[in-house]
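Taken straight from Swiss-Prot:
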type	residues	note
TRANSMEM	28-48	transmembrane segment
TRANSMEM	74-94	transmembrane segment
TRANSMEM	99-119	transmembrane segment
TRANSMEM	133-153	transmembrane segment
TRANSMEM	168-188	transmembrane segment
TRANSMEM	203-223	transmembrane segment
TRANSMEM	236-256	transmembrane segment
TRANSMEM	263-283	transmembrane segment
TRANSMEM	288-308	transmembrane segment
TRANSMEM	338-358	transmembrane segment
């Protein structure tokens with residue numbers, strides 16, 4: 001909004017000219033989302049506590065230390081969604097189609113998560129909305145997003161770029177739409193599975209969003225994309241502002257979500273954040289890089305899949321003491337804070353590997 005209002009004056013005012021730069025607006029987005037989180041956080045937490053008498057239901061079969069979390073309110077993802085959307089609407093170019101498509105997906109996945117959290121709180125159990133129903137809704141939203149991208153792009157690309165290899169890409173044809181839906185839905189649920197400990201998912205999400213802030217900027221810049229031999233996608237640079245807002249809102253949320261958490265982001269936050277990262281990876285054509293940068297989310301998801309299939313195949317045996325993987329280490333005797341910090345370190349390593357693919361070809 002500010003960008004669009006100040007655009008006619010960029011040549012007449014030094015302040016207005018600053019808003020011409022994506023980097024300036026991205027930095028401002030981090031400051032604004034952090035500030036909004038600090039201001040609205042205590043108010044929202046107090047409001048959620050007044051509505052949720054018992055807070056988020058705690059699994060009885062989980063680590064014993066988790067029983068101390070009883071009464072902690074959920075749906076804190078509302079804070080992240082509101083601050084991110086407000087900063088984006090304030091600082092991004094509102095004529096950019098990618099901004100509106102991404103915000104649509106972000107909010108839609110947030111609504112699905114809210115429905116799930118609401119069901120858990122009102123029913124006082126951890127089951128929420130049926131898994132198949134959530135997958136169906138996620139699939140429908142992802143399909144709508146893919147159709148919008150196909151319709152609004154003059155020359156939609158169905159190429160899948162392979163990182164670390166020069167000029168290597170696979171033409172998936174219209175099967176790319178199915179693949180894109182898988183990426184978006186998979187990313188949403190992978191982040192959701194990772195969000196099981198205080199602060200665990202928040203920092204890796206911030207690292208991933210920060211990585212895609214850089215990727216969006218480079219892919220949307222003709223000079224940098226040609227230099228790095230990346231697929232140039234015009235207008236994706238504005239997504240840098242949105243990604244920066246995600247970084248700031250996640251860090252602001254971490255202020256209240258650090259152990260011991262005052263609030264959980266819930267599915268409202270995890271499904272929306274995972275979904276928006278998947279959408280941005282599809283738009284920037286860096287779907288495989290998302291799996292690398294967000295490698296922690298992939299590992300957590302793989303641990304659940306392996307546990308379920310092995311349990312069924314062996315009629316009751318388990319690979320891990322508990323899935324997702326972070327609970328396995330808790331059951332193994334690791335303190336929650338140690339699991340969280342070590343997983344943060346792993347997420348940094350994955351982010352660096354993923355970003356190195358931009359240059360190493």
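Backbone N, Cα and C define each Cβ position, glycine as well.
Where the transmembrane segment (168-188) meets the stretches 28-48, 74-94, 263-283, 288-308, the count of C-beta pairs under 8 angstroms peaks at 263-283. Between the transmembrane segment (99-119) and the transmembrane segment (28-48), fewer than three CB pairs separated by 6 or more residues in sequence fall under 8 Å, so the two stretches do not touch. With pairs at least 6 apart in sequence, the transmembrane segment (203-223) and the transmembrane segment (74-94) have fewer than 3 Cβ pairs within the 8 Å limit; the two do not touch. Using a Cβ-Cβ cut-off under 8 Å and counting only residues 6 or more beyond its ends in the same chain, the transmembrane segment (203-223) has close neighbours at 22-23, 26, 191, 194, 230-240, 243-244, 246-247, 250-251, 254, 273-274, 277, 280-281, 284-286, 289-290, 293-294, 296-297, 343-344, 347-348, 351, 354-355, 358. Highest Cβ pair count under 8 Å relative to the transmembrane segment (28-48), across stretches 133-153, 236-256, 263-283, 288-308, 338-358: 236-256.
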